């Protein structure tokens, strides 16, 4: 976009780890990128600090009760930034001319409405909120196509596939894609060795700096399962053409195998600023702040099959993808409730897949025709999982 006007970027989930990485890249390129909208859930002081640093036109706090604190804080800082609060205002900003690019980094199903609003408005959508695709992948991709919106994935694995496919024939001739997984902090442990895992251990990821929920998903391999479903929607591939390999070094982010026998892979240091720079500047390349990969110093690259017996969440995600309809929404919602309970010390680590499987096997699958249908399935899954927690059922 050399020679064009500033790209106006909305960073939803600005106080999280992905938001911080996005703002780091944006700040490196003031001549081409501007953080025009910043949002946060409830961390109003952190949001005010970001507003002081980046001076956006708009700032939003999702918790409406904190609106006065945001408004008064902006005034005290002498900023012209306009304060907003609540989900409806977030959706309105996503679809407004305040931005042409949206970094969708709100964790969980809460990020879906604003993501859909951005897609409906034809924005460039840098998608870090995997739940949007898992919960409503068909709806989101259909909406984006109809409005001319551009979805660029920010997950390192999907960004790798995106880059490999854009370098050749736009996806034709693909035999399979291979997502890589670090294996998380508990790689190599059996189920007995996972029973006593603590939340503090689960959020200590060996390679990536991530929020607590995503870190636990990585530890259970649910993160990789959700990425399998994402890849299905992003690249139009059936589950049979999507494989997973554990790669503990986290340097090869994904591979694409073509029908002619050739394979393309994307490599790089594990830093989200790389994929955000790809999304913000595509099809150009800009400095991200991440150094190059020195293969001589890195040494060996190892690959192994995932252990779905010890980590059944990956298998459950494939099951949900095959079932289709509302099954992925049920999977995602039950997982959110189970992970939250684990982080609060209510259940053990092995209860997470047990609770998810309980929801998948108990609730009926319906066609995912509308957002209302998907949100109803989401609510049902949360309810049945919370009921299981309340009755102390399935605690592992």
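Just so it is clear, glycine is given a Cβ too, placed from its N, Cα and C backbone atoms.
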Mn(2+) binding, same site as 155, 157 - Swiss-Prot member from 88, 131, 138, 227: 227
Record-annotated NADPH site (Swiss-Prot): member among 41, 148, 193 besides 15, 16, 17, 18, 129, 131, 211: 41
Fewest-neighbour residue among binding-site residues, criterion Cβ within 10 Å, set 17, 129, 223: 17
Pairwise Cα distance maximum in Å, NADPH-binding residues per record: 15, 16, 17, 18, 41, 129, 131, 211: 19
Greatest C-beta neighbour count within 10 angstroms, which of the binding-site residues 157, 227: 227
Cβ within 8 Å of the mean position of the Cβ atoms of 155, 157, 227: remaining residues of the chain near Mn(2+): 130, 153, 156, 158, 159, 179, 223, 224, 230, 231, 254
